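For reference, the structure discussed in these notes is given below.
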Amino acid sequence: MTAASSPGEAARSAVAEAARRRTFAVISHPDAGKSTLTEALALHARVIGQAGAVHGKAGRRGTVSDWMDMERDRGISITSAALQFGYRDAVINLLDTPGHADFSEDTYRVLTAVDAAVMLVDAAKGLEAQTMKLFAVCKHRGIPIVTVINKWDRPGKDALELMDEITERTGLTPTPLTWPVGIAGDFRGVLDRRSGDFRRFTRTAGGATIAPEELLSAEEATAREGDVWLQAQEEAELLTETGADHDQESFLGGVSTPVLFASAVSNFGVGALLDTLVDLAPAPAGRPDAEGAVRGLAAPFSAFVFKVQSGMDAAHRDRLAYIRICSGVFERGMVVTHGRTRRPFATKYAQQVFGRDREVVDLAYPGDVVGLVNANALGVGDSLYSEKPVTYPPVTTFAPEHFAVVRSKDTAKHKQFRKGIEQLDSEGVVQVLRSDRRGDGSPVLAVVGPMQFEVATHRMEHEFNAAVHLDRLPYSLAMRTDAESVPLVSASGGTEVVQRSNGELLALFTDKWALRMLQQRHSTITLEPLVAAQL
Ligand code: G4P
């Protein structure tokens, strides 16, 4: 690839390259098989030679994404990044999301940067709590969802029962593209509902290589599998009768969800998923700005920061801002404008990052994710552009549910303390709230999940060399308020008013009863809810 030589050419290549992109994330409950599926996808696209080398959990080989001891000890993935690979003629961007519920805010931010989501469901467990939460976020954002029923090689629920569960719990109409032949645990393969063919499932040892998917005609399948195949055919007909056939418009409109049956650990169904993404998932489109006006793909370069991260590992102690490109062509080295400060930002160090693997990016297009190195000025939600200014909608901050006063253990480390707190705030690791009552030296940290406190404490000590004490506060609820309401809120028992770094005022309450009491007493007071983690 070479850099575009004229604006017209750049616009044309932005549009053409965007059409080849598929940018998505996997949403699932921990243990449904997200890491396994990610490995299998990468293996399929031949990014790496053997499953396990990209990503994994405690004890697995090449646990690339566990950049912190804490993450490794617990076997959870906190950081997120993007994996890019070619498949057929398409370029796939798979954005990684942290699995643990305490980091749902991070996942939410990642979901602002995708065009589609894969909802991964454990065949034995069905729709679990975290899947439902993330599903709600996708629905709220109107992100089309492809459903993958995983672990079909193991005993699990009945396939039709799972379809009912999807309908009842998500309101989406499941439209299976494949249908299992053999019950969960006796996986013979799948019936491809569009061609009527049989894709036979063959096991491979540990899923380390791509399972050969043998394609048989319906006649061959009948001869081979007998009644089991005929039953799958009957069920597939039943699905057609009940209107469960794929419909592109209703999929893109978030009304239906194509369903695939898979065994990620054996790499079965992974090729079908990639084909589905390429054939059906939407390519990047022009993105609405904060006023709702769409900036087309052909417009000059623009992007927004959806994640900021630092201290990824000892070898790279730097700060990375991940941007999702929305329009135009990104060329490394170009000088763009940072919307919030209107200052120029030089993109000399641009990388693609997945786990510990980094590659320099020279050119990128709408839908792509680029990690900008040493991007100290960039915060989550910031817009970047060249030529024509644009401000993308701010990335929503979740309503925090846990609060703690943070103090430096060593008062001599005041500078390090301040710097660390500021950085954690702009990265969105925690929300930092200031209160007049407590002063600058002891701000209030607010989080959605308590594990975020652990990350903050760990990083303050190890990265900023400023060990901290946290004193938990008894609040569990935050509401947006205004300056006029402050005296009344402050005078009420069990509440406190604090200020976000963007100037917004928040009233903190111990529980909803304290809030209700205040509302009953003063009906004119301004108290607006923030976006809740459980939408
Ligand atoms: P997560 O990232 O969603 O949390 O899940 P992960 O991929 O780590 O998978 C959780 C467990 O489920 C792993 O087993 C994994 O091997 C298993 N698994 C994933 N996909 C399939 C599948 O299609 N079939 C079967 N039978 N198992 C699957 P583990 O015992 O926790 O880890 P490991 O020792 O196997 O690595």
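Using the three backbone atoms N, Cα and C, a Cβ is placed for every residue, glycine included.
Any TrEMBL annotation is an automated prediction that lacks curation.
TrEMBL annotations:
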BINDING   D96, T97, P98, G99, H100  GTP binding site
DOMAIN    19-285  domain 'Tr-type G'
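Note on the domain 'Tr-type G' (19-285): mean pLDDT across this stretch is 83. All protein chains considered, the CB of P98 (GTP binding site) has 21 other CB atoms within 10 Å. A sphere of 10 angstroms centred on the C-beta of D96 (GTP binding site) encloses 24 other C-beta atoms. Neighbour density for T97 (GTP binding site): within 10 A of its CB lie 23 other CB atoms from the protein chains shown. Taken residue by residue with DSSP, T97 (GTP binding site) is part of neither helix nor strand, so it is coil.
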